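Database features, via Swiss-Prot:
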| type | residues | note |
| --- | --- | --- |
| DOMAIN | 1-158 | domain 'Obg' |
| DOMAIN | 159-331 | domain 'OBG-type G' |
| BINDING | 165-172, 190-194, 212-215, 282-285, 312-314 | GTP binding site |
| BINDING | Ser172, Thr192 | Mg(2+) binding site |
| DOMAIN | 345-424 | domain 'OCT' |
Amino acid sequence: MFIDTAKIFVKSGKGGDGSISFRREKYIAFGGPDGGDGGKGGNVVLVVDPNMTTLLDFTYKRKYKAEPGGNGAGSKCFGKNGKDLHIKVPMGTIVKDAETDKIMADLSKPEDSYVVAKGGRGGKGNCRFTTPTRQAPDFAEPGMPEEERWIKLELKLLADVGLIGFPNVGKSTLLSVVSKARPKIANYHFTTLKPNLGVVSIEGVNNFVIADIPGIIEGASEGVGLGLDFLRHVERTRVLIHVIDISSVEGRDPYDDFLKINEELKRYSVKLYDRPQIIAANKSDMLFDEEKFEEFKTKVEKHGYNKVFKISAATKQGVDDLMKEAARLLSTILVTDLEISEEDRFIEEEKRFTYSIRKEDNTYIVEGSFVDRLLNAVNVNDPDDLRYFHKVLKNKGVMEELMEMGIEDGDVVRLNDFEFDFLL
């Protein structure tokens, strides 16, 4: 079975809480605060495993959670950092945010890894909050919260050459002839419902991987049939071999088939459409009118496709020359990473300092991830904490922005469920 998509839930570890503690030793008066910091929460990290070839494991386990950080303690003891959780994925895995469908990472090399959920920062102990005017702070920061999200994993085949074409044109037969792959072969449409891979060995030439991409039909670029799933597998190939049934035994016109498949490629991705393409006019052993091939070749060449081979996968006629041309083309094309456009790329929000302010009547509402983190870190009922809270708002520019918006004495400022009256 070839599983090429999976959806999993990942959750990093929460940061450990800072400690509120004071030094208590005989003969040492006013020992001062000695609460240690909390440990950092563990990250969730996706790591490429070159030995994995499918996403099948993720059908059995779908939720992954890293260790939280340990809490701080007295005597300035710091909490233990939580262990990172490493999740192995196959090479060629695309990571997407499940909510936005934006691409987060392209794990295409053996050494690639990606932190998909960052552990929360450990909270500061009260020994961190001493100042010349605050010698005995009796508050500490709780650990920062964990990150959690659903992500989608897509495995895109790392094949060098992709066999494309309508169903039942002989792609699977060709793959079985040029490699040791044994795909299912039968005389009906959509025999191949999953991509098959094979390795082609040519004496004196580097081996290359060839993939039989399941049949693409009209409307594939719009999701008709299994179209989008099939087209996804073609993206990483460097050379395409477009297999055409030149015999027309099913009543289809070879040139019309050629145009339709290329139109679907173009609609899906112009870059995919522009990829080097070799035309393989297959089933020539069943062709009784040689002029039909020459006519087809002339029409195709007008579109700029000058590599047209007459082959028969069943009798192996012309197959060796076809594979040698594919190898020659590959030697001229560098392996490149999948290009990700800015609109498709997932932008990691800088969560710590993100906020917005809006006004409703005489109430100014401050909201955002910065607010959530700040309120999580302080006890607004404690005078020391409250002074620290106002200092942070001032340092981060919140107070200045409120004044620029025209806030006046007595106006209410609301941060989540906490409100206070503004005073100049």
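Just so you know, the numbers here start at 1 and follow the chain as drawn.
Note: Cβ is positioned from N, Cα and C throughout, glycine not excepted.
As the structure is a computational prediction, the values presented were derived from the model and not from experiment.
Projection of Swiss-Prot feature records onto the structure.
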{"residue": "Gly165", "record": "GTP binding site", "DSSP class": "coil"}
{"residue": "Lys171", "record": "GTP binding site", "DSSP class": "helix"}
{"residue": "Lys283", "record": "GTP binding site", "DSSP class": "coil"}
{"residue": "Ser312", "record": "GTP binding site", "DSSP class": "strand"}
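Within 10 Å of its Cβ, the residue among the binding-site residues Lys171, Lys283 with the fewest other Cβ atoms is Lys283. Counting residues of the domain 'OCT' (345-424) by DSSP class, helix then strand then coil, yields 32 helix, 19 strand, 29 coil. Counting other Cβ atoms within 10 Å of each Cβ, the lowest count among the binding-site residues Asn168, Ser172, Ser312 belongs to Asn168. Taking all protein chains in view, 25 other C-beta atoms sit within 10 angstroms of the C-beta of Gly165 (GTP binding site). For the domain 'Obg' (1-158), the mean pLDDT of the prediction comes to 88. Here the Cα atom of Ser172 (Mg(2+) binding site) is found 11 Å from that of Gly165 (GTP binding site).
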